[in-house]
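Positions annotated as active site, 5-glutamyl coenzyme A thioester intermediate by TrEMBL: B:296. The feature CoA binding site is assigned by TrEMBL to B:366, B:386, B:390, B:410. Per TrEMBL, domain 'Acetyl-CoA hydrolase/transferase N-terminal' is recorded for B:13-224. The domain 'Acetyl-CoA hydrolase/transferase C-terminal' annotation in TrEMBL covers B:327-471.
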C-alpha cells in the first residue's frame with residue numbers, strides 16, 4: 001500500500017472518485033452529517049470547503065441551506081470555520097474550538113450540544129440525536145478488498161460509517177502512508193443488553209482491527225486530497241505553566257513516596273494546551289520512567305516523551321502535532337507505530353477502561369470555586385469557550401483527577417478562583433487536585449470548608465486571597481448552612497462585577 | 001447454620017464474644033471506624049449505642065472523644081443518631097440521612113464528605129481518606145471455618161474488613177438466617193495497574209463468594225444482638241407521585257415503540273422514597289414484563305414486583321424494607337434467594353458494569369434549573385440534605401438518566417425548577433430526562449436554549465412558568481452569551497428571595 005502510487009486499490013471504490021465539488025453537491029440541506037476529525041487531526045479537508053461554497057451559492061439565491069455537523073471533537077478552519085462562516089451549520093456536536101463557530105454559538109446563530117466524548121457514539125447509535133444521514137471521513141487509503149486505512153484521528157469514524165446511510169471518503173495523500181497498522185478499531189461494542197466486557201488490561205493492548213470497515217454500496221463518493229492537518233507548535237512553556245508543572249510533579253513524587261502511586265505512576269491522560277505541554281515537558285525531564293499514556297490526544301510533548309523513552313507506550317484517538325512533530329512522526333513511523341495505538345474515541349474515553357486502568361486525569365479549566373467545583377466551558381457563565389470534551393470521562397472514572405489553570409487571567413483582572421463558579425462541569429465530587437502557579441490543593445478526604453481554606457491559601461492569587469477569605473468568613477458567619485457556606489446574593493457578584501467594570 | 005441454636009460456629013471466634021459495652025471500650029478516640037450499613041439496613045445495632053454511652057461518660061469528664069465514621073451509606077438512629085447526639089462524630093462519609101447528623105453538619109459541628117458511592121472503596125483502599133483503624137460489621141452468622149454470613153446490606157463491608165487493623169463483629173439473631181447464600185462478594189478487585197475486567201454481563205450473574213472473609217486474628221470482639229433493621233413502610237403514592245410515574249411509564253412505552261428500548265426495558269436503578277415507590281408500583285401494574293433491576297437498594301416496591309413476577313431478577317447492595325416486607329422476605333426466603341443477588345457497593349455502583357448493562361437510572365432531586373443542571377443535595381445552596389449517594393454513578397455511566405421531583409415544595413412556596421440551581425451535583429451533560437407531576441422533558445439531542453423551553457413548558461408548575469419565561473427571555477435579550485443565557489445578578493435571586501420572604 002505505502003509503496004504504490006495510488007491509494008485507492010479497491011476497484012469498486014475507485015470508480016466513485018470525483019471532485020470535492022461534485023461530492024459536496026450530494027449533501028442536501030437539512031441532513032445530519034457525521035464528519036471525521038478530532039483536535040484538528042484527520043478532518044476532511046476538501047468536501048466541507050466545497051460544501052461551504054455550495055451553500056454560499058444557494059444562500060445567494062435566498063435558500064436557507066444548513067446541515068448539522070457531528071464530529072469526533074474539534075476540527076479546523078477548513079471544516080468548522082468554512083461552514084460556520086456561510087451559516088451552514090444548524091447544529092454542532094459534540095465539541096468544537098473554532099473561533100467563528102464560537103462567535104456564532106454565543107450570538108445565538110448556531111446551536112451547539114456539548115457532550116461527554118464517551119457518550120457520543122452510544123447516544124448516536126441509540127438514536128438519541130436522530131438519524132445520521134451522511135458520513136464524511138478522511139482516510140489514508142483503501143485496500144484492495146475495500147478496507148479503509150484510518151487517518152491521523154479515529155474519533156467517531158467507526159460509528160459514523162456504521163450509522164450513516166451514505167459515506168463520502170476523502171483519501172488524503174498528505175497523510176503518512178505509514179500510519180497503516182497503527183490503529184486499533186474495536187468492533188466489539190453493542191447496544192445493551194448485548195454488551196460484553198472489553199478485554200483490555202494494558203494501555204497499548206490491541207483488541208480490534210487495523211482498518212475501518214464500510215460496505216462499498218454505502219460509499220457515494222471518493223475524493224482525493226493532499227493537505228496536512230493544521231496545527232501550530234505550542235510556544236515554549238511560560239513561567240506560570242512551568243510552575244504549575246513543578247507543583248504537579250512534586251505531588252506525584254510525594255504520592256510515589258507514600259506508596260499511593262507506583263514508581264512509573266499510572267496511565268496519563270492529558271488535555272492539550274500550554275499547561276499540558278509544560279507538564280509533559282516536566283515529565284520528560286523528571287524522575288519517572290517507563291510511563292504510559294491512555295489519553296485522547298497525542299501532542300508534541302507526548303511524542304518527545306516517546307522519543308526520549310520516558311514514555312513507553314501511548315494510546316489515544318488522535319494526534320495533534322505541529323508540522324515539525326508531524327515530520328518527526330513520518331520520518332520514524334516504524335518506531336512510533338510500535339509504541340502508539342490509535343483507537344475509536346468510544347474506547348479511548350470508555351468508563352470501563354478508564355476505571356480499570358486507573359488513569360491520572362490532567363485537565364485545564366476556566367475557573368474553580370473555593371469548594372472545588374470546576375467550570376471548564378463557560379466564560380462568565382453564559383459564553384461557551386470550547387466544550388467539556390473528554391475531561392468528565394477521565395475525571396469521573398479515573399484514579400486521580402487534576403484540574404489546572406493560571407490563578408488569574410486578563411492581566412490579573414480575573415481570578416480563576418472564585419466564590420462560586422458561574423457554570424459547573426465538574427462537581428466537587430469529581431475534583432481532587434487543583435493546581436495553579438501559586439500551588440497545589442489536595443482536596444482528597446477534605447470536607448467542604450477545609451477544601452475552601454486549602455484552595456484559597458494554596459491556589460488563589462495573593463491579590464484575591466483577602467477577598468476570598470472575606471467572602472468565606474462572612475458566608476460562615478451568615479447563619480446559613482455551614483456544610484457549604486455561601487452568600488447567595490454575592491456568590492456570582494465577582495463575575496457580575498467583571499462584566500460591569502472589567503475587573504473582578 | 002440456619003437450624004442451629006448458635007450462629008457463631010467458629011471455635012476461635014466464639015471465644016471473642018463479649019458485651020457491646022466491652023467491645024465499644026476497644027474503640028479509642030481519634031480513630032477512623034468503618035461501619036456496616038446501607039439505607040438503614042445491616043448496620044451494627046449495639047456497639048455504636050454502647051460507644052455513644054462510652055463517649056458521653058468521657059465527655060462528662062471533660063474529654064473530647066470523637067471518631068470518624070465511614071459506612072456504606074445511611075444507617076439509622078441507633079448508629080448515626082446516637083453518635084451524633086453525643087457529638088461523637090468528627091467526620092462522616094460517604095452518605096447519611098439522619099436528622100441529628102444533618103443538623104450537626106449544617107451547624108458546622110460535624111464534618112461531612114459527600115462522595116460518589118462507587119468511589120468510596122477505591123479511595124479508601126488507595127489511602128485517600130487516611131488509615132482505617134477499626135471495622136464494626138453486622139453479620140448474620142459465622143461458619144465453622146470462620147467465614148462471615150453477610151446481613152441485609154453489604155455496602156463497603158468487604159473493604160472495611162480488608163483495610164481495618166481490627167474488626168468488631170455484631171452477629172444479629174434478628175436477621176433471617178435464610179439470607180445465607182443470597183450474597184455475592186466479589187474478591188476480584190485490585191488497585192491499578194493490576195485491575196482485570198469484571199466478567200459480568202447479566203444483572204443476576206454471580207461472580208464472587210457467598211461469604212465475607214476475615215482473618216480471625218483481626219477480630220477483637222464478637223457481640224450478639226437481636227434487633228430488626230429500622231425502616232417504616234412508605235405511605236401509599238400520592239397524586240403527584242402517581243402522575244410522575246405515569247409520565248415516566250408513558251415515556252418508556254414510547255421509547256419501546258421507537259425501538260430505543262427493548263420490550264423488557266433495560267436494568268432499572270431506582271432511588272428510594274415516595275416517588276420511586278410510585279414508579280415501582282406503576283411498573284408493577286404496567287405493560288412491561290420480565291424486567292430486571294441493577295440498583296443499590298431493594299425497597300418494598302421491588303419485592304412486590306419480584307413477587308408478581310414483573311421483575312425477574314434483581315441485584316442490589318442492600319434491602320430497605322418495611323417490617324411487613326421484611327416478614328414477607330423471611331417467609332419466602334427461598335423464592336427471593338433465587339431472584340436476588342446482594343453485592344458489594346463497589347460492584348453495585350461500578351462504572352464498568354453500569355455502562356455495560358445499560359442501566360436506566362431513576363433518581364430524585366431537590367431542584368433542576370432551566371438548562372437541566374440538577375441539585376440533589378443542598379437546600380438553598382448551603383444546607384446538606386442527605387448526599388449524592390449513587391445517583392452520579394448511575395446518571396453518568398448508565399444508558400438513560402432520569403431525575404424526578406414534584407414541581408413545587410413547601411405548599412407551593414418553592415419551585416423545583418429554577419433559573420439556576422444553587423448547587424450542582426449533576427451537570428447538564430448528565431441529565432437527559434426531567435419529570436415532575438406537570439410532565440416530562442426529554443432533553444436528549446437538545447441544545448441549552450431548547451432545553452430551557454422544554455423544561456419550563458413541560459416541568460415547571462404553572463404558577464412559576466411566567467416568571468421562568470420572563471427570566472429566560474430577559475437573559476436572551478441581555479446581550480450576554482446566547483449559549484447558556486443567564487442574568488448573573490438574578491440567577492440565584494429566587495433562592496435569596498425564599499430565604500428572605502419564605503416564598504420564591
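Cβ atoms here come from the backbone N, Cα and C positions, even for glycine.
Mapped onto this structure are the features recorded in TrEMBL.
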{"residue": "B:296", "record": "active site, 5-glutamyl coenzyme A thioester intermediate", "Cβ contacts under 8 Å, 6 or more apart": "B:38, B:39, B:73, B:117, B:269, B:316, B:317, B:318, B:345, B:348, B:349, B:389, B:390"}
{"residue": "B:366", "record": "CoA binding site", "Cβ contacts under 8 Å, 6 or more apart": "B:375, B:376, B:377, B:378, B:379, B:385, B:405, B:416"}
{"residue": "B:386", "record": "CoA binding site", "Cβ contacts under 8 Å, 6 or more apart": "B:74, B:95, B:96, B:97, B:102, B:377"}
{"residue": "B:410", "record": "CoA binding site", "Cβ contacts under 8 Å, 6 or more apart": "none"}
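In terms of DSSP helix, strand and coil, the domain 'Acetyl-CoA hydrolase/transferase C-terminal' (B:327-471) has 53 helix, 39 strand, 53 coil. Regional average pLDDT for the domain 'Acetyl-CoA hydrolase/transferase C-terminal' (B:327-471) in the model is 98. All protein chains shown were included, and the count of other CB atoms within 10 Å of the CB of residue B:390 (CoA binding site) stands at 26. The residue listed as 'active site, 5-glutamyl coenzyme A thioester intermediate' falls within neither a helix nor a strand when secondary structure is assigned with DSSP, and so counts as coil.
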